[in-house]
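Structure first, then comments.
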Amino acid sequence: MNDRPPTPLLDTVSTPEDLRRLKPADLRQLADELRAEMISAVSVTGGHLGAGLGVVELTVALHYVFDTPRDVLIWDVGHQAYPHKILTGRRDRIRTLRQGGGLSGFTKRSESEYDPFGAAHSSTSISAALGFAVANKLANKEGRAIAVIGDGAMSAGMAYEAMNNAKQAGNRLIVILNDNDMSIAPPVGALSAYLAKIVSSRPFLSMRGFAKRVAQKLPRPIHDFAKRSEEYARGMATGGTLFEELGFYYVGPVDGHNLDHLLPILENVRDGDHGPILIHVVTNKGKGYAPAEAAADKYHGVQKFDVVSGVQAKAPPGPPSYTGVFADALVAEAKRDDRICAITAAMPSGTGLDKFGKAFPERSFDVGIAEQHAVTFAAGLAAQGYRPFCAIYSTFLQRAYDQVVHDVAIQNLPVRFAIDRAGLVGADGSTHAGSFDITYLATLPNMVVMAAADEAELVHMVHTAAVHDSGPIALRYPRGNGVGVALPAAPERLAIGKGRIVREGKTVALLSLGTRLGEALRAADQLDALGLSTTVADLRFAKPLDEAMIQTLLTSHEVAVTIEEGAIGGLGAHVLTLASDLGLIDGGLKLRTMRLPDAFQEHDKPEKQYAEAGLDAESIVATVLAALHRNSKGLEESA
């Protein structure tokens, strides 16, 4: 049963201003009700549950102590922001999370003044908060900037780049390190909480600053010894030496579920003159919901579920997922070839490489949230004769574009890019859409770019990439399940730059790349019914193009249409360039390009997103009819 829980105290809180009217003694009850409301809401919508459960008390404490939205609160990634949304005027829509027309699953500037900076990709919060803090400093405006970042996100270099530049913000910048994997600190107790309260206080920080100023006037050897001694002592007590070296005052570790600990420490930091400050808060992902606490992934991402049992709704049986097909195909290749390695950037299960890791742990590398390193690491392996597959979501490969260009393409190193989540991705929306990889990869010399039309094609492309040693190669495939075709008993090596004719006709040529092939075939049925004989080609390659086949199709049909799940500048642009180079456009060629719109599309079901983008069968038919000046019945329209 998923009945809504009683929340009498939470019902009185619509905004943080309401929250700040409560007594501190009421906050424990509020946190419990907030947690229950979040569990109830996500049970209806699905989404990211575990991270939000882990920061309920921290969210309450931050909005209680700080004057949001004047004090800006920036959540890294945003998976943990559901409690924040409930407390900031969006509770009435919380059961629309990740639904078409509903709330985003991440923070979003256009959604609320309490979301000062949008997020979805990792490790951006400190840089953004630093920008807000320095802007306030330059304008002599009141207001702190608080970044909440998880310990996993601290594996990305960008977080340290920001911290290395943060000193200029002074006490206007506060970083909350949400350690929910116990990867940095041991369990916290009363002593560490007491020490954290002491070291966050104004007298301690003032005395420490005074001692530093005195030490700087001592002879150099004595000054250096004093500095090392203080760091050693504080490092033993708190583990904060690294952050101190980056110019932060370190406070913690603190029990992130104990409001009696959190409130005075946050108040001390708020009222202090010293900074920037890093508060190390230890939390438990999935806190307060037994099924989540017992699960290996702490219910990080869930389907709709029953609140009482925690049992998640299962999707109806269907074809295997593209991710699963890729993983199985790569494992099969690795069994035949011990030069094959697999690299992921903190997404082993999301990319399917957890299967590879179990089969070949010595050839599997999870480098953390470090896409730039992942690509150059793969380049180094390739330079030594190995066959690395770098499996990264399309949206995250954007973070390593310079490495793709400088370290891979220019040196023509045979790195294999397995690009998951290509095209539109549904509930995760614009921040996770794989819209741009065709454009930014196909423009590079030496690069080969493939797109699988179905799961069988994906198996062939994994094999083709595995044995391709003459330069870098990428294969892209979408989120979700395949179309249900039989998988090949043995993979084939595809000829580089060669497409295939799936259906032959005479009047219309549809040139499809990737999984829009199914819609192209549906459109062909409709066009044939209107008396317009239609050829459908699966180009397979965005680069190099099958120039001979494309030239034949363009010159032997009345109209040709390219169809792709990518942004402007991709397949269509390359086909137009080819037609121009061959002089085909001089003779009145009717060529149309269908691609994603020049806009960031909001979250919705993928099929609705593609219909909105004009990439469904009906839109293809309409494009053809318009090019031929025919009406919806296929009849010629008078000029």
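One-based numbering along the chain as shown.
Cβ from N, Cα, C; glycine included.
Small disclaimer: the values here were computed from a predicted structure and weren't measured.
Swiss-Prot lists H79, A120, H121, S122, G152, A153, Y289, E371 as binding thiamine diphosphate, and of N136, N171, N180, N268 the one it places in that same site is N180. Annotated pair E371 (thiamine diphosphate binding site) and D151 (Mg(2+) binding site), C-alpha to C-alpha distance, rounded: 17 Å. When the Cα atoms are compared, H79 (thiamine diphosphate binding site) and D151 (Mg(2+) binding site) turn out to be 14 Å apart. When other Cβ atoms within 10 Å of the Cβ of E371 (thiamine diphosphate binding site) are tallied across all protein chains shown, the result is 28.
N180 (thiamine diphosphate binding site) sits 7 Å from D151 (Mg(2+) binding site), taking the Cα positions as reference.
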